[in-house]
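Participant: I am attaching a structure below and will ask some questions about it afterwards.
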Amino acid sequence: MLLRILELIGIGTFAASGALVGVTKRLDVFGVCVMGMFTALGGGVVRDLLLGVHPPTSLVNPVNLGTAFGVSFVVVFVHAVVMRLRRQILVLDALGMGLFASTGAVVALEHGAGPLAAALVGGTTAIGGGVIRDVLVNEVPLLLQREFYAVPALLAAALVGVVVHVGLSTNLALVVATTFAFVLRVVSLWRGWGLPTPRIE
Amino acid sequence: MLLRILELIGIGTFAASGALVGVTKRLDVFGVCVMGMFTALGGGVVRDLLLGVHPPTSLVNPVNLGTAFGVSFVVVFVHAVVMRLRRQILVLDALGMGLFASTGAVVALEHGAGPLAAALVGGTTAIGGGVIRDVLVNEVPLLLQREFYAVPALLAAALVGVVVHVGLSTNLALVVATTFAFVLRVVSLWRGWGLPTPRIE
Amino acid sequence: MLLRILELIGIGTFAASGALVGVTKRLDVFGVCVMGMFTALGGGVVRDLLLGVHPPTSLVNPVNLGTAFGVSFVVVFVHAVVMRLRRQILVLDALGMGLFASTGAVVALEHGAGPLAAALVGGTTAIGGGVIRDVLVNEVPLLLQREFYAVPALLAAALVGVVVHVGLSTNLALVVATTFAFVLRVVSLWRGWGLPTPRIE
């Protein structure tokens, strides 16, 4: 139950971030909603494509769809407020990222993927929506540039494999890995961590 | 039979629109043909990926492939003429859009998708090729910006689910939904309908 | 065994080309590695998505993953040297392209695809990584513009179908088609071949 609520929070914050980018790029109301839904559900669709789940569960679950659409639609009207809450949204987004990475890895393990593939599928689930969002509006994906974002996602997804391999329950793995990714991401935002950029002489 | 001819008209107009964009972006002959084929067949490939049809039927059907390639190749030589026929092509494109949305939804229902997933898969089939076309040449997809295009596609795909749910035949659903999307799109072009863009203060 | 070594050379050169683009675009260390891995493994992932291989073999094979990551990571430190070796890399890249096209077609045939679909899947395997690389950094894919690259890939993949259809072994098909694509690409680089661009009056 808690997990389900957290998942919807994740979907909602991802939808808000996608819809905000759409507003900034002067898309129309429908374009803003599409951006929100692709960002919120894109990672899960890519995960299901990689694992062979047809049709992707995101397209089947009306609550997830409704949350993504509803949040995007609301952002159309209150985008100025949402813009001011950017810092709070970043914290929620860190939660969503950790959750998407962990659940992605769990779903992959359940579909017979090894721990290595599960880590990659989990990481892809977490970053997929953001990459789709940025590619659609012709930006180089932010998380390739300077954000300490994909590293916590990948580590969390790998952690799921480790915890399950040790013999603990998947529920515990979800909690541990999500917390780990969330804390790592929030601390990195707070301390301004980033990876270095190779120097070009 | 009529349906098959309409499908090839849809593929042909989508190929022409993709190839025209390729010519405008100064791609070479091969690039123009690739643009035409991705635009014409991309929506169907995405549909089959979502539904788990392997390999995608578009890559298997030589007539569809030949139509997409042939039209793209011809556009290389007569692009000036095609450019002048833009208005007529928009009407054919509206037909293709309606048809792709409806058949996408029917194929989804046949593969066990519920009506909600079928509507999304149908809508994705109709807009997929155009989104791929615009992403490849680094444009923000037109249909996210101001075109009243994806809304009729989604509505038509949803309509298919309704008609079939009521107990009528899929053939009837195809005709009703395609006609609906076509008329809605053509009227919106004629009246200059568009969705509003959120204001940024 | 030889084939396996050639495959890793192909993955390595594709990773190097992706990582170099990442360095040029001022991505951070992680972004550079992601670019290298997407470029090296993207074509194979797309191939497996089209054929319904879940999870994609590229995400399962630790040697392929390690090669792609290792090469990308090394490029971070020695990109200036790699940049000077560009001509030698182009030759290795031609080998990788031929190999990806041929193996893509063979895998497609083994999964029940007809020769036409196999040719398209093989061509997509060879060019997929490069297209993903360019789309991620907002460039119109190079190979749509002026490179004589996708044509040899498609021809090689089609050649696999012909050789197998004639009744010869897939191993022979791999050698013949890879050699053909490699020679055609290297000669085209050497002679400066390219396809014409449609004139806009």
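Every residue gets a Cβ built from N, Cα and C, even glycine.
Annotations per TrEMBL:
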- A:5-79: domain 'Glycine transporter' (DOMAIN)
- A:91-162: domain 'Glycine transporter' (DOMAIN)
- A:6-23: transmembrane segment (TRANSMEM)
- A:30-51: transmembrane segment (TRANSMEM)
- A:63-82: transmembrane segment (TRANSMEM)
- A:89-109: transmembrane segment (TRANSMEM)
- A:115-136: transmembrane segment (TRANSMEM)
- A:148-166: transmembrane segment (TRANSMEM)
- A:172-190: transmembrane segment (TRANSMEM)
Participant: Give the nonlocal contacts of the transmembrane segment (A:115-136) in its own chain as ranges (CB under 8 Å, at least six residues past its ends).
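Facilitator: Distant contacts of the transmembrane segment (A:115-136): 14, 17-18, 21, 35, 38-47, 50-51, 97-98, 100-109, 142-143, 149-150, 153-154, 156-158, 160-162, 164-165, 181.
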Participant: State the non-local partners of the transmembrane segment (A:148-166) in its own chain: residues 6+ outside its ends, Cβ under 8 Å from one of its Cβ atoms.
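Facilitator: Distant Cβ neighbours of the transmembrane segment (A:148-166) are 97-98, 100-102, 104-106, 109, 115-116, 118-123, 125-127, 130, 142, 172-174, 176-178, 180-181, 184-185, 188-189, 193-195.
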Participant: Quick check on the domain 'Glycine transporter' (A:91-162): DSSP residue counts for helix, strand, coil, in that order please.
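Facilitator: The breakdown for the domain 'Glycine transporter' (A:91-162) reads 58 helix, 0 strand, 14 coil.
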Participant: Let me know the model's mean pLDDT on the domain 'Glycine transporter' (A:5-79).
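Facilitator: Computed over the domain 'Glycine transporter' (A:5-79), the mean pLDDT is 90 on the 0 to 100 scale.
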Participant: Give residue numbers and ranges for long-range contacts of the transmembrane segment (A:63-82): same chain, 6 or more residues beyond its ends, CB-CB under 8 A.
Facilitator: 7-8, 11-12, 14-16, 18-20, 22-23, 29, 32-33, 35-37, 40-41, 44, 89
